[in-house]
């Protein structure tokens, strides 16, 4: 039984860490490479921390029934996952996971397969994992427990602030880029160099490569590229990490054309950087060889 707030906090971090480990292993197996599945930079998934504490607290009255623990575990974890998906989408205008490709899903936020796995996980936690963990936590002096909690909370809060700040900044930048895309789409109607059946970003590239490109169109494209170049470097790592952790994230407010153009621009930028590095290396080698 969780007896004090200090125990609840440390258990939150313990189950957040264990959840992070499970998520990383599960996703890494599918991707065949290591994936840091956490929404935050640290080794924890808060949804598992909250889920662990809620499940252990709410299921205590029915802990003597395997069936009830499983059923209520499915209900509680599914409700928490659905609510988390909804709140995060409203906050960051991005859907971080989508189960639409699975059978028996509810709005793509939860699905029967994952809910069943969570129910089985609740059985494992309640009857196998939690008793020794709680016993170890209860042996820690309360004063020391609060010191540990304080350090973890400071680190966790800083991590949350940095990640949320980067995401809100990204959304603001993408909204501005989407406005540019709308302007670009209007101007493209009057540009006939490339057929309508060609993907939008390829039409943009063709116009950029054209020597007689319309000045207004070129100005809008340059504006969009400049905005991408000006995206803060300090938040790039956070955005890059989240893109790898949640490859299926979708922003429903941004058009497919816009997302395709951003992807193409990102790839072109990476290629340009690599080409520049190779040119510098070749220049140094030629200089030293003289």
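Cβ from N, Cα, C; glycine included.
Whatever TrEMBL says is automated annotation, not expert-curated.
Beyond the transmembrane segment (6-26), the same-chain residues lying 6 or more positions past its ends with a Cβ under 8 Å from any Cβ of the stretch are 34-38, 43-53, 56, 121, 125, 129, 133-134, 137-138, 140, 142, 145-146, 148-149, 152-153, 156. According to TrEMBL, the transmembrane segment annotation covers 6-26 (among others).
Sequence-distant neighbours of the transmembrane segment (38-59) (same chain, 6+ residues past either end, Cβ-Cβ under 8 Å): 2, 8, 11-24, 68-69, 72-73, 76-77, 80-81, 84, 96, 118, 122, 125-126, 130, 155-156, 159-160, 162-163, 238, 241-242, 245-246. Feature annotation from TrEMBL assigns transmembrane segment to 38-59 (among others).
The transmembrane segment annotation in TrEMBL covers 65-88 (among others). Listed by sequence, the residues of this chain that lie at least six past the ends of the transmembrane segment (65-88) yet keep a Cβ under 8 A from its Cβ atoms are 47, 50-51, 54-55, 58-59, 94-97, 106-107, 109-110, 114-116, 118-123, 126-127.
Tertiary proximity for the transmembrane segment (109-130) is limited to same-chain residues at least six positions away from its ends with a CB under 8 Å from its CB atoms, namely 15, 18, 22, 51-52, 55-56, 59, 63, 66, 69-74, 76-78, 81-82, 85-86, 97, 99, 102-103. Look at TrEMBL and you will find 109-130 (among others) tagged as transmembrane segment.
TrEMBL lists 142-161 (among others) with the feature transmembrane segment.
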